[in-house]
Amino acid sequence: MSSSLEEYYSLYTNPLTVIRFYQIGYTFTFILGFLGNTASLLTFSRPTLRKVSTGCLFIILAIFDTLYLLMCVFDYLEFGFKVPFYPHIAYSEFCRFRYFVMNVSQVASAWILVIIAIDRWIRTQFPFKSGSICTPKNALIAVIILLVIDIGLNSHMLTPMFGIDIPGLAYGSCGPNYFTDKPYFLFYYIQWSMIQIFTTCVGPVSFMLMTLIAIFINIYLRKRAIIQPTQTIHGNQNMIRQKQMHKQMLILMFASNCIFCITNLPINISKIIVSQVVYIQPVLIDITIIWTALGWVQSLNYAVSIYNNSLTI
């Protein structure tokens, strides 16, 4: 039985394009991501920044982004350099753990950006009360609530329904198996993909855009405020500098939302499309190439987002 399984798995191999994506593309992602997230952790761990709610949130964001990239390292080794994890480890348990951590990190990273956006909105909407609302303690409470929901949402990946599929194949190494559990297979690639589109992309982007618009309105109303005659030239210069700073922050926040959406939406939509194709070898190879490319694009979000978001502080 073991011999026949290995013969079956050997029928599926990664195309050269897929191997090069992992060898070159992910090397670039890891250099950019690990350096950026490490620098972010060191920067925001300073006592002065750690006392600010935004600083604490950026530390947590860097941790989850790093966790996601660490899980990608296994794919990097297995698919890029053909390191044979199967059958030398408990591959099904390995799949469950890795995909659970990756999915929890994806949701957490997305919604921590929402919490950061809300934190900024509170500071512009209630400037005098923000000191008592936007505290590290409240930020941590919000993250804990998020994690409880996040872990519960992704807990099905820790069950036997999810596990080994076609080891060594970039697209199909882990996941639900069509032949052994068709209902869960269809749930995972259709209903679950729709849930993921909302939880990792549409939902967070919608909330971030709403807070961005609210911040823009607050700044616009302040600009319309009547300038008192007693204001000095120095005061006016300060207002001009603040106006320019807020404008730059809004542009960076909008760019951050665009990057987040562009890198996350395509791969989630592709899950729904490919659910109609079941282990047809020629088609599966094409899907593997597309999936690898979209997966690499998604990984860039966890490598570059920390650079762009840090600039908006």
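Every residue gets a Cβ built from N, Cα and C, even glycine.
The annotation domain 'G-protein coupled receptors family 1 profile' is assigned in TrEMBL to 36-273.
Distant neighbours of the transmembrane segment (20-44): 50, 55-56, 58-59, 61-63, 65-66, 69, 72-73, 75-76, 79-81, 170, 292-293, 296, 299-300, 302-304, 306-307, 310; these residues of the same chain sit at least 6 beyond its ends, with a Cβ under 8 Å from one of its Cβ atoms. As annotated by TrEMBL, transmembrane segment applies to 20-44 (among others).
Remote same-chain residues near the transmembrane segment (56-77) are listed as 22, 26-27, 29-30, 33-34, 37-38, 40-41, 44-45, 50, 83, 85, 94, 98, 101-102, 105-106, 108-109, 112-113, 115-116, 119, 136, 139-140, 143, 170, 173, 299, 302-303, 305-306, 309-310, 313 (criterion: CB distance under 8 Å, separation of at least six residues from the stretch ends). Taken from TrEMBL, the feature transmembrane segment applies to 56-77 (among others).
Outside the transmembrane segment (97-118) by six or more residues, the chain places 54, 57-58, 60-61, 64-65, 67-68, 71-72, 74, 139, 142-143, 146-147, 150-151, 153-155, 157-158, 162, 174-175, 196, 199-201, 203-204, 207-208, 211-212, 253, 256, 260, 264, 302, 305, 309 with a CB less than 8 A from a CB of the stretch. The transmembrane segment feature in TrEMBL is assigned to 97-118 (among others).
Feature annotation from TrEMBL assigns transmembrane segment to 139-158 (among others). Sequence-distant neighbours of the transmembrane segment (139-158) (same chain, 6+ residues past either end, Cβ-Cβ under 8 Å): 53-54, 56-57, 60, 96-97, 99-100, 103-104, 107-108, 111-112, 115, 119, 195, 199.
The transmembrane segment annotation in TrEMBL covers 194-221 (among others). The list of residues near the transmembrane segment (194-221) in space but at least 6 beyond its ends in sequence, with Cβ under 8 angstroms from a Cβ of it, reads 103, 106-107, 110-111, 113-114, 117-118, 120-121, 124-125, 153, 243, 246, 250, 253-254, 256-257, 260-261, 264-265, 268-269, 271-272.
Residues 106, 110, 113, 117, 120, 197, 200-202, 204-205, 208-209, 212, 215-216, 219, 291, 294-295, 297-298, 300-301, 304-305, 308-309, 311-312 of the same chain lie 6 or more positions beyond the ends of the transmembrane segment (249-267) yet place their CB under 8 Å from a CB of it. Per TrEMBL, transmembrane segment is recorded for 249-267 (among others).
Annotation source TrEMBL lists transmembrane segment at 279-297 (among others).
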